[in-house]
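One structure is given below, encoded as structure tokens.
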Amino acid sequence: MVFYKEYRRVDKKVEILSREIVHQGFYPKTVIRLKHRRFDGGMSEEISRDILEQGGAAVVLPYDPVSGRVLLIEQFRPAPLMMGDDPWMLEAVAGRTEDGEDPAATAGREMVEEAGIEASALVRAGIGYPSPGCLKEVATVYVGRCDLGRYQPGTHGLADEHEDIRTLVVTVDEALAMAAAGTLRSLPALVALYWLALNRASLWREPA
């Protein structure tokens, strides 16, 4: 990482002028006013940004190393609808972490709630900010080892969260073809899938 070290910022000064919560909802919104150090050494002008407060999330792609298959979920999403796109999205299992909850525990809980299946092991595929310009969220992405040999796809989800989720089981190669064709367009799912494609040869081989 020599290249990165050569270009790292030394002075990361940020002046936070104010924070104001302007909306309380599923995603509370905060308006933050600040100045930050510029690359030319000066300070920026005052900047105002809207930040959606999410916190943490866990994403998990259920994977059966014996059959070479993965489980995807399909559910309605309003944001693609507002973009004029198909709002029924294929995704990996995902959910918000509760206060103080380990993301791995979130991943296991969401697998049961959204897909009716449990993982015998989890491996972390990545961690990062899905949209750092406006979303205060850190997502941890996992691949979850599970047995899909006798799994029957169906519908799942919590009624009190208005979830209506359908599961789909495909091979890794089929999922990669769906990604290449643009059928699978959820970025967290793509992160998990591409990580799996790069690492599956070294992952679990024996039956779960």
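Glycine residues also receive a Cβ, built from the backbone N, Cα and C atoms like all the rest.
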Candidate sharing the Mg(2+) site with Glu110, Glu114, Glu163 (per TrEMBL), from Ala94, Ala177, Ala179, Ala180: Ala94
Three-state secondary structure, which DSSP defines for Glu163 (Mg(2+) binding site): coil
Stretch-averaged pLDDT - the domain 'Nudix hydrolase' (53-192): 94
For Ala94 (Mg(2+) binding site): DSSP state (helix, strand, coil): strand
